[in-house]
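Just below is one structure, and these are the notes that go with it.
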Ligand SMILES: Nc1ncnc2c1ncn2[C@@H]1O[C@H](COP(=O)(O)OP(=O)(O)OP(=O)(O)O)[C@@H](O)[C@H]1O
Ligand SMILES: [Mg+2]
């Protein structure tokens, strides 16, 4: 192993240890929240006409809920990690280390993906006694999962770089991530929306992540899977490019 | 052991640290106004200056935490921007602020830190040795957040050394530490230096710089005021200090009164310019005025006197 590779793996390991040491907050809590949604909505919507023919509401709901949780946790992982390092000042140890921008980027993003994978598996396992989901297109589901977790982790890094205090991260979460993830067809098919909202949903990248992920399970979505993949990939490339630009130029981190 | 890490670089005649016309502005404030100097391998170097002189800013630029507006820095011949990986592998910096990562335990943290520099298990014995030397052996499994300030400072020092850098820069390592720890740190820094490490130190305890460092730079308002070997710098000061107590609390003759810089309960300190006021002449004046000396003491100027002379500031907590 070269020193550069070891440096990168160490940062990745450190980032994984960080969320691992507080699993209660980083994995258990989001799983419980998602299960509560499932319980409440499955009860409330019981007896309604199925969204997709032959698929029960609870079944329909689970992939979307998993994806919503992935979106929120990927963002939370990188943004809070970076913000804490900035606030505690220990970010200097990383900045003084011989780690390049790409190593930073990859380590933070992969650690966030690892957390999201853990959360997703935990959610699917927890619901297994009640609902057995089909997995018709596993590759599509995996691709959308990786792109979504990667994009939101990169967005979290951007927020962590730009923010000057925790309030800024909270604002980012409350005014961008949470609303967009709720208004993305987790709880309904966008076809059930009034025309204006229907149109607006199609400008929300989270909508494609959720629809594409759901397609991976049912082989059926509101829009073609190619479109969902294209949007997810495009969004990932956009936020990654912005994030990398910030890391390369030292934007806000290097004074 | 920490054995002579930079021998090859020294042989090639490369400066351990080369600073060229470094400038840095913060808005309208010019924190560094064109700083240039070299530090040779194996030096024990003091970077002194009053609060706000720009010492930490310069160190941050060397470490890559802050970008210089113009100018360049090279560590062991490696440009800190263009060749940042190589430069950073050769550099260890102890930051002035007590920063730490509360998520980790002491030993865990040091192993992670070593990993960033590409040092794996082979660095673990060195980590254990440092834990021992810095009196942290009983704290290896303690969370960083549970350490006292002095212990955190020691961990910071160990962190800067995990990858055995040939150049170590310590930004006020002895600020806020007790006398015993200060002695321990001095011994530790001396040992590092003896083993071939180039050491750069900032401090407000000038006797510390005087005792440890072979060369001194004084930075003031973002510019280097003076940079000289310590003995030469001390010799620059053309004064001696004479402390006198006269029998019966008598007053000095008129001719000597202008030389008094302090008078505490009849003990007077006179600042004598070596050439204009030889000590013999003072005694002669006292004798001819018929005054008897109860007690006398002379003091050589120290770095603090020179510092005040050059910057017009008190060094702070030096004495
Ligand atoms: N991030 C910053 N933004 C604005 N001004 C800064 C910043 N960092 C340092 N300065 C200013 O630059 C000047 C030099 O500061 P620096 O910390 O380098 O001084 P110093 O010599 O290390 O002082 P001290 O002995 O107090 O540690 C100061 O006037 C300081 O206020
Ligand atoms: Mg300072």
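Every residue, even glycine, has its Cβ placed from backbone N, Cα and C.
Just so you know, TrEMBL annotations never went through curation; they're auto-generated.
Annotation comment: TrEMBL describes A:21-254 as domain 'ABC transmembrane type-2'.
TrEMBL lists A:20-40 (among others) with the feature transmembrane segment.
Per TrEMBL, transmembrane segment is recorded for A:60-83 (among others).
Positions annotated as transmembrane segment by TrEMBL: A:140-162 (among others).
Listed by sequence, the residues of this chain that lie at least six past the ends of the transmembrane segment (A:169-190) yet keep a Cβ under 8 A from its Cβ atoms are 41, 51-52, 61, 64-65, 67-68, 71-72, 75-76, 79-80, 83, 152, 155, 159-160, 163, 197-198, 200-202, 204-207, 209-211, 222. Summarising the annotation, TrEMBL assigns transmembrane segment to A:169-190 (among others).
The transmembrane segment annotation in TrEMBL covers A:225-248 (among others).
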Recorded stretch that, among A:60-83, A:140-162, A:225-248, has the most CB pairs under 8 Å to the transmembrane segment (A:20-40): A:60-83
Long-range Cβ neighbours of the transmembrane segment (A:225-248) (under 8 Å; 6 or more residues past either end): 101-102, 104-105, 137, 140, 143-144, 147-148, 150-151, 154-155, 157-158, 161, 205, 208-209, 211-212, 215
Long-range environment of the transmembrane segment (A:60-83) - Cβ separation under 8 angstroms, sequence gap at least 6: 15, 18-19, 26, 30-31, 33-34, 37-38, 41-42, 45, 50-52, 91, 108-109, 111-113, 115-116, 119-120, 123-124, 127, 131, 133, 141, 144-145, 148-157, 159-161, 163, 166, 169, 172-173, 177-178, 181-182, 184-187, 206, 209-210, 213-214, 216-218
